[in-house]
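Engineer: The structure is given below, and queries will be raised subsequently.
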Amino acid sequence: MQEQIVEKMMSEVMAQLMQKQEESKAAPAEQPEAKACRMPEFVGTAIGDTMGLVIANVDSALLEAMNIDKRYRSIGIFGGRTGAGPQVMAADDAVKDTNTEIISIELPRDTKGGAGHGSLIIFGADDVSDARRAVEVALNNLEEKFGDVYGNPAGHLEFQYTARASFALNKAFGAPIGKAFGLIVGAPAVIGVMLADVALKAADVEVLGYASPAKGTSYSNEVILQICGDSGAVRQAILTARDVGIPLLESLGGPAPSSATPYI
Amino acid sequence: MQEQIVEKMMSEVMAQLMQKQEESKAAPAEQPEAKACRMPEFVGTAIGDTMGLVIANVDSALLEAMNIDKRYRSIGIFGGRTGAGPQVMAADDAVKDTNTEIISIELPRDTKGGAGHGSLIIFGADDVSDARRAVEVALNNLEEKFGDVYGNPAGHLEFQYTARASFALNKAFGAPIGKAFGLIVGAPAVIGVMLADVALKAADVEVLGYASPAKGTSYSNEVILQICGDSGAVRQAILTARDVGIPLLESLGGPAPSSATPYI
Amino acid sequence: MQEQIVEKMMSEVMAQLMQKQEESKAAPAEQPEAKACRMPEFVGTAIGDTMGLVIANVDSALLEAMNIDKRYRSIGIFGGRTGAGPQVMAADDAVKDTNTEIISIELPRDTKGGAGHGSLIIFGADDVSDARRAVEVALNNLEEKFGDVYGNPAGHLEFQYTARASFALNKAFGAPIGKAFGLIVGAPAVIGVMLADVALKAADVEVLGYASPAKGTSYSNEVILQICGDSGAVRQAILTARDVGIPLLESLGGPAPSSATPYI
């Protein structure tokens, strides 16, 4: 019953919000953002309670505690409460565009009571301006990567596609560098199993990985399929899964709109 | 403080809901349910954001990725955001009644911000009609299995009992096939420890398993006791734990009603 | 988007609560608390949906199932939905003041949809009065330990400090007995990485441990730094991290007040 209550709360409160929002459009500038912005380490924030920071000279004891072999002088820090795939995709763009490396990608069980992951991604660089640039690119590109994340109170679906995977996707999902890569996520996991089957039947793609609640996830309620292959085939597999996934998720929790603007 | 705020939100919003519900009883039929229903793979939905699906001819690459040895032609998929015990119990009824096997049971850390698990259960069958039948039985029996799930904003209690365990309970909890089995869950875990002690003192039962946040759960805030023995003794142990658990949970979070209709 | 919705819900509902609370100050005494209080095992409840219980003669089958070597006659049980650091700190006070030992400390992934942990701490004693006293001390001291927990809908920060660590801090974090110890937690984890760097640069302290979403936590969205050293240095490191952490968290989720009264 608990989830039905939460669902009802959600829609009830949302209805009231509509009204309120009309009334109070012009909120005053926030003080804390301003205060944080004055820190040289602060880069910015984005969708999914995501934040980007940069450290020019990382403390050597911290590097040791983090168990990082290579001694980077500067690191970029990028991650949020909601979303792993979108942040990894945005970080992938960032390593393509900058002189940085991916040090680590960790996926907490989060999404603030949702069914999925949050994220913590660390970039390494010899120069702080490179690290900062990587975090800026990731922050700027993040909203786009939420374009094919669809959600409602019952769960979420996520689809990611790139014609040319780079180091972040390689680190997180074993994607071959420079090849087309696709990610298909269904939550609750029951939907994800079906999307995996649909995707693999839709086109001639190769399975890179299959993660489920007990294996490969941080106990999230997701099934995650990672695929590679010919770019057209990968895209076809994803689009077919999306067509099947949305009505399934909507049958469980009502309308499941995109979190931003679909890009695939 | 956060949980107190959530608690207050809950009760506040609930009060308003009562009003609203009076007004709008006759909601129009939902489109997405209708659309999903037309898919041959869709079997149905149930309490706990639970869904049931069936795949007639599973893709062989998917079977391989799922690491399933035996090559089933058809699979049934059954699971939800909220609840593991109820879904396992319902699946246990399903394997008793149908020509299917339990391929896997996985327990995500979920319940939508609650203290417990969600579920992903996969049935294997040679014939799609068997797989579908298993999922139907599980969906139909699920609400009953939520009968002895009691919850409030502070946590939940779960009690399950069967006089004759089958393959799902064996797979998930090591229950001896054909013997009486009981499950006692307390969340937060502090309550579960006490219920385990009370149950074991109440009757001559055998401990099959004891799961706690760091061992045997997916880091849920639960202690889960699994018992077997004489059916009368198992039932007695459960009923005693229930009598102790409800006032304890209520002392923390207010009234803790059954999620459906108590069956034990 | 989901988290923005939750955030808005939060503030909207909170506003309405203000009104309601004015109206209904004098709630009637709760029945369930009274009923639970009559159990001899019930010790009390506290902030964070925390409960304290005591078992005079633990069932031997339970001790075995819990995998406890030493045969304590009595146990104290202490833990909650929200908070691990505060409960461990309060338990640390309790073992200092009583003739008990820490049997186990387990950290579920919880905080009711928040980014952190809950807790389950078990005290062992030969005499039930000792176990009860330990739980009482822990319950009484808990609110103080929430003093430097700061939160908003986007995450939380936690700071703990003691001039003299005891057995609970040793068990949970490897703190040297009798030495100054500090704990610095940032959630989402991205903030925690930065706080760790700031703290280590601020004073000459030693790193005891560094936990992140994939290592050392229960997949929480936190980075947790554990430090020891000269008491002045430990305190200085913590205070510097706090000064940096609060504006960062506030830039993500608005005002992040203390959960109680700051004590460091």
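We number each residue from 1, going along the chain as drawn.
Cβ coordinates are placed from backbone N, Cα and C, and glycine is handled just like the others.
Since we're looking at a predicted model, the values are computed, not measured.
Taken from TrEMBL, the feature domain 'BMC circularly permuted' covers B:41-153, B:160-251.
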Engineer: How do the residues of the domain 'BMC circularly permuted' (B:41-153) split into helix, strand and coil according to DSSP?
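Structural biologist: Counting residues per DSSP class in the domain 'BMC circularly permuted' (B:41-153), I get 37 helix, 36 strand, 40 coil.
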Engineer: Looking only at the domain 'BMC circularly permuted' (B:160-251), how are its residues distributed among DSSP helix, strand and coil?
Structural biologist: 42 helix, 27 strand, 23 coil
Engineer: Looking only at the domain 'BMC circularly permuted' (B:160-251), report the model's average pLDDT.
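Structural biologist: Mean pLDDT across the domain 'BMC circularly permuted' (B:160-251) comes out at 97.
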